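Please read the structure below before turning to the comments.
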Amino acid sequence: MKVLRVNLDEKSYDIVIQKDLKDYFGEYIKTVFDGKKVAIITDDNLNDIYGEAIKKNIENEGFEVEVISVTPGEKSKSFSVLPGIYNKLLDFKLTRSDLIIALGGGVVGDLAGFVASTFLRGISFIQIPTSLLAQVDSSVGGKVAVDLERGKNLVGSFYHPELVLIDPNMLGTLPEKYFNDGLGEVIKYGCIKSKELFEKLEGFENKEDLKENIGEIIYECCNIKREVVENDEKDLGERMVLNFGHTLGHAIEQIYNYEIYSHGEAVAIGMNMISKIAEEKDLTKKGTAERIESLLKKYGLNTDVNIEDNGLAREAIKLDKKNLNGNLNVILLKDIGEGYIYNTTVEFFE
């Protein structure tokens, strides 16, 4: 078992990483929650696989448990889904002294976290991430949000969980496409903060070799994010480097209506494309983009897509949350393991 402590001024919490942790979820929940009712928000796929077993596991600790399931996919992370969830919480008579659990990948984590932050002006919640992307990235750091038609994550808040429970063995039910999706974020961490991690990923013989070491990889990624979040909780400085590849990535997701490329796949393309642009402008060490592209391809990720002359891409970039005071902050690399913030305008991409 590995435990990381996220230490923040107003709220601190543990990230627990352990194979087969799902058999002990109820026990761990009891260490941070002494109320009566627990509402689990998940999606239909995960509910079919884990819902009943996890519900019983938590009930065995004396809690009253309700499972609320949504349609899988990014389109559930929208305002149209919220009233249905709020009404089910009201039917369950959930109070501010009760608990919400986010059981799922990045979409469920963002959605359930947003519900927790807004229902009755705020209810405690726990993250139980089940996808690689959520385990290494989105479950840590307190960002919760829903999408608007004009862009991703445009309405949200910073709302930290009481606890993050990560069972790497739950990745065994994850479709390969979404394992690759998470690898996009894993590679990002190596790019921005850890040359050692990047080279470790280069050194694995293949994806199966990586999977045998997945617990260690998850720990390294969470530890990097923990350090960054502790230094810049509200995303006004250093934390922006975590968005390497995301400016173009979010635009790609939006252009394809969230149906072709998953978040991690789009970020992978964004990292490759922006590194090539930066090299052409002598803002990134020559050869960096080639190494990134090679590593992405090694793990089955796309590296390019045509978004030229697309007005929607330009508008999506303008709405990027790293835009401050009329300027666009893009995340570039000096070299592998050295991400930095570069102040520019949308014309950078033209």
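Each Cβ is built from the backbone N, Cα and C atoms, and glycine gets one as well.
Keep in mind that this is a model prediction, so the values were computed, not measured.
Copied over from Swiss-Prot:
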- Gly106, Val107, Val108, Gly109, Asp110, Thr130, Ser131, Lys143, Lys152: NAD(+) binding site (BINDING)
- Glu185, His246, His263: Zn(2+) binding site (BINDING)
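The structure, with features from Swiss-Prot marked on it.
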residue : record              : DSSP (3 states)
Gly106  : NAD(+) binding site : helix
Ser131  : NAD(+) binding site : coil
Lys152  : NAD(+) binding site : strand
Glu185  : Zn(2+) binding site : helix
His246  : Zn(2+) binding site : helix
His263  : Zn(2+) binding site : helix
Open item on the list: Return only the integer: C-alpha distance in Å from Val108 (NAD(+) binding site) to His246 (Zn(2+) binding site).
Closed with: 19
TODO: Would you count the other CB atoms within 10 A of the CB of Gly106 (NAD(+) binding site), including those on all shown protein chains?
DONE: 27
Task: Those binding-site residues, out of Gly106, Asp110, Ser131, that come within 10 angstroms of His263 (Zn(2+) binding site) at the Cα - done: Gly106
TODO: State the count of C-beta atoms found within 10 angstroms of the C-beta of Glu185 (Zn(2+) binding site), not counting that atom itself.
DONE: 26
TODO: Rounded to the nearest Å, what's the C-alpha distance separating Asp110 (NAD(+) binding site) and Glu185 (Zn(2+) binding site)? Just drop the number here, would you?
DONE: 16
- [ ] Could you measure between Ser131 (NAD(+) binding site) and Glu185 (Zn(2+) binding site) for me? Cα positions, answer in whole angstrom.
- [x] 12
Open item on the list: What whole-number value in Å do you get for the largest C-alpha pair distance within Gly106, Val107, Val108, Gly109, Asp110, Thr130, Ser131, Lys143, Lys152, the residues recorded as binding NAD(+)?
Closed with: 21
Open item on the list: At a 10 Å cut-off from the C-beta of Lys152 (NAD(+) binding site), count the other C-beta atoms across all protein chains.
Closed with: 24
Open item on the list: Please list, in sequence order, every residue of the chain apart from Glu185, His246, His263 whose Cβ lies within 8 Å of the Cβ centroid of the Zn(2+) site.
Closed with: Leu133, Asp137, Gly184, Lys188, Gly245, Gly249, Gly264, Ala266, Val267
Task: Neighbour count (Cβ, 10 Å) for Ser131 (NAD(+) binding site) - done: 29
